[in-house]
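Okay, so here's the structure we're looking at.
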Amino acid sequence: MTAGRVNPYSIVSSEEDGLRLTTMPGINGFGNGKIHTRRKCRNRFVKKNGQCNVEFTNMDDKPQRYIADMFTTCVDIRWRYMLLLFSLAFLVSWLLFGLIFWLIALIHGDLENPGGDDTFKPCVLQVNGFVAAFLFSIETQTTIGYGFRCVTEECPLAVFMVVVQSIVGCIIDSFMIGAIMAKMARPKKRAQTLLFSHNAVVAMRDGKLCLMWRVGNLRKSHIVEAHVRAQLIKPRITEEGEYIPLDQIDIDVGFDKGLDRIFLVSPITILHEINEDSPLFGISRQDLETDDFEIVVILEGMVEATAMTTQARSSYLASEILWGHRFEPVLFEEKNQYKVDYSHFHKTYEVPSTPRCSAKDLVENKFLLPSTNSFCYENELAFMSRDEDEEDDDSRGLDDLSPDNRHEFDRLQATIALDQRSYRRESEI
């Protein structure tokens, strides 16, 4: 079985140029009445990497609200800004308490008598200026304790400020460590190793028209209680004339039957049956080329290492849904284990037998389904693999024959008629 048999079944590239074909009537109705044009796709509500394409503006009291929830703000901001914020917090606290100690020394007269009078006892030893007071503040808050500068019992206010600075330093340290640990332990980055296919496909599955997309896990650690859900987002005008720019409609992926809960060890194809309850029930292949909607897909579960919930998101525009395609197989059995080849994860192949009409027309018997034994690419790969194994076994068996036995085998092979059934295509079997 040669590779030339699969040439009619093209592989679709995952790269999209952001444009799609639309149709419009021809001039004066001549010709086939269709002129192919290109128009720009709608803006995404959810980007392919899962980020929401939303910008908030004109928010009242935004800074005050963010400061009131300081911990969440520190966890959500970027690392560079968080480290800069804590560095500024430490620097401001050192400068503030350094200024306080300098003022205490100035009021007590420590700066006027740096060491000339042996009977004079300063509030803080070896603090003769602002720089020395600043260094004493750093040593106090960080508990370095070089030993040259220390507070005496001469000034109770200085002793009290040492206690206050120690407490403030502990609060800043605790807040910083907690924010850093919370930011590092967030399961958000776990979504970087959860993969969605670049395209969704529409094809027949068990005699029903279905929308399918593929999800995969790049890590060997499992996603516990993994489940999927999807929503269709498109503009809608209500019966009262109200325009809803982003109307969200749930897409059933088997919630009632428990099919939305998956065991994500190898890549899995998520399936949505296009039936009477589906928002895609009346959409045909031609409608898909001109329609304006977006399907947001969500994968949720708990990280096995931390038991924290993570969520991975992606979306498919109408131009990214391939009608009449199926995903290439990625799971193969090799020796005593299964092998997942992610080089085929995003690739699809065309299924010409897929009806072009909508599921609604299909239910109303407006389209005659092809034979259920139509050619299948996965079966072709399986047959190729089986035939190669059989050819290897046959070749090894022929090599073991003696010259006399080989001559007898060639003579019998030339006289015995071959079984024609073994040379028919799968669609004829």
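Note: Cβ is positioned from N, Cα and C throughout, glycine not excepted.
Under the heading topological domain 'Cytoplasmic', Swiss-Prot lists 1-76, 184-429. Under the heading topological domain 'Extracellular', Swiss-Prot lists 104-129, 147-155, citing a curator's inference as support. What Swiss-Prot lists as disulfide bond is CYS123-CYS155, and the listing cites a large-scale study or a structure entry. Look at Swiss-Prot and you will find 130-146 tagged as intramembrane segment. Among the features that Swiss-Prot reports, motif 'Selectivity filter' is placed at 143-148, with the record citing a curator's inference. The K(+) 2 binding site annotation in Swiss-Prot covers THR143, ILE144. The K(+) 3 binding site annotation in Swiss-Prot covers ILE144, GLY145 and is backed by experimental evidence. Taken from Swiss-Prot, the feature region 'Disordered' covers 386-407.
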Under an 8 Å Cβ to Cβ limit, what residues of the same chain, 6 or more beyond the ends of the topological domain 'Extracellular' (147-155), are close to it?
104, 108, 121-127, 132, 135-136, 139, 162
Using Cα coordinates, what distance in whole Å links CYS123 (disulfide bond) and GLY145 (K(+) 3 binding site)?
17
Take the Cβ of CYS155 (disulfide bond) and count every other Cβ within 10 Å, whichever protein chain it belongs to.
20
Looking only at the topological domain 'Cytoplasmic' (184-429), what is the mean pLDDT?
81
THR143 (K(+) 2 binding site) to CYS155 (disulfide bond), Cα to Cα, whole Å, comes out at 21
Taking helix as H, G and I and strand as E and B in DSSP, count the residues of the motif 'Selectivity filter' (143-148) in helix, strand and coil.
0 helix, 0 strand, 6 coil
If one measures from the C-alpha of ILE144 (K(+) 2 binding site) to the C-alpha of CYS155 (disulfide bond), what distance in angstrom results, rounded to a whole number?
22
Least surrounded, by Cβ count within 10 Å, of the recorded positions CYS123, ILE144 is ILE144
Integer Å distance between the CA atoms belonging to CYS155 (disulfide bond) and GLY145 (K(+) 3 binding site)
20
Please give me the CB contact count at 10 A for GLY145 (K(+) 3 binding site), counting all chains in the structure.
10
